[in-house]
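Encoded as structure tokens, the structure appears first; notes follow it.
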Amino acid sequence: MSRELMVQDSGDTIGNTPLVLLRNISKGLDARIAVKVEYLNPSCSVKDRIAKSMVDEAEKAGTIVPGKTVLVEGTSGNLGIALAHIGKIRGYKVILVMPATMSVERRAMLRAYGAEVILSDPAEGHPGVIKKVEMLVDKLPNAHCLDQFSNPANPAAHYRTTGPEIWRQTEGKVDIVCFGVGSSGTVTGVGRYLREQNPNIEIYPVEPYESSVLSGLPRGPHKIQGIGAGIVPGNVDRSLFTEILRIKSDDAMQMARRLADEEAILGGISSGANVVAAVELASRPENKGKLIVTTVNSFAERYFTTELYSDVLNEVSQLTFSSDDEAMGIAKKYLGL
């Protein structure tokens, strides 16, 4: 929906996010990199698109009913927040199960939207989350799981919205896309749409180096919240893939900080992973002159208690009020005077 018009509720503002060139990070590279700033969706992540799509389709099918159905979902955080947001608008009780390693900010946002949060043992990984979700759905009255990992309404959201937006915003000149794989909705939905427009477009899924399940390697611990669930999602369409890119957690975090410092774009860790992948692709000689598009998936504010911004949080937590002389000293130090 157009953001130029007044809307009925905040759910109507989902989508039509801007596409921004990375002018500084791409300096010295022979390809251009642009990012869809998905944290400008109402609950501040790309997952707003699929939460609305899955709820819409389930309502049309009569599978869920506002005011009656309890939505129970496993999440690393962003889908849960998006589902809590749309649930609040539509009148659903929402229960989210997430690993205990996910950030405190995510838990707080879920509670702020009125959802219930249940933590699972991180050692059990995604299977542990699913086991808890299945137990709750089985034993709670009127409970239903939308299951983002295998729900076709997930990639369909990106096929209907994100893909066409990228095609329109680049005037059909996009050559390459790369997206982190959590539930696989973005890479599958966008990939399908763009391949229909141009069969030569290259599509690169991105996964954590430390947990490269898509690549056929064992599941392992990593720091890139939101991708690398340790399973191959049902929504994966390998026929679309040009090549799977494996990105290290530390590289993803460093790039997320660079995005803030060099581009004034505050994305999370998976956003950093996407841009690391885009830079890797832009560095390849065969991609000279090409346009590479990826996403900034979520806003950095929900990562301040994680390793990504813990140094900043610790620093500002220790600030105290200053005298005029101290204030001048702080200002001069900041300005290098």
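Using N, Cα and C of the backbone, Cβ positions are placed for all residues, glycine too.
Neighbours of Ser184 (pyridoxal 5'-phosphate binding site), defined as other CB atoms within 10 A of its CB across all chains, total 29. Annotated pyridoxal 5'-phosphate binding site per Swiss-Prot: Asn78, Gly182, Ser183, Ser184, Gly185, Thr186, Ser270, in sequence order, evidence recorded as similarity to another entry.
Per Swiss-Prot, N6-(pyridoxal phosphate)lysine is recorded for Lys47, and the stated evidence type is similarity to another entry. Taken residue by residue with DSSP, Lys47 (N6-(pyridoxal phosphate)lysine) is part of a helix.
Under DSSP, Asn78 (pyridoxal 5'-phosphate binding site) is assigned to a helix (H, G or I) in the three-state scheme. Comparing the binding-site residues Ser183, Thr186 on other C-beta atoms within 10 angstroms of each C-beta gives the minimum for Ser183. A 10 Å radius around the C-alpha of Lys47 (N6-(pyridoxal phosphate)lysine) takes in these binding-site residues out of Asn78, Ser184, Ser270, in sequence order: Asn78. Long-range Cβ contacts of Gly182 (pyridoxal 5'-phosphate binding site) within its own chain (separation 6+, distance under 8 Å): Ser76, Leu79, Gly226, Ile227, Gly228, Ala229, Pro233, Ser270. Listed in sequence order, Ile50, Gln148, Asn154, Pro155, Ala157, His158, Asn235 are the same-chain residues at least 6 apart in sequence whose CB falls under 8 Å from the CB of Gly185 (pyridoxal 5'-phosphate binding site). Other than Asn78, Gly182, Ser183, Ser184, Gly185, Thr186, Ser270, the residues of this chain whose Cβ falls within 8 Å of the Cβ centroid of the pyridoxal 5'-phosphate site are, in sequence order, Val46, Lys47, Ile50, Leu79, Gln148, Phe179, Gly180, Val181, Val187, Gly226, Ile227, Asn297.
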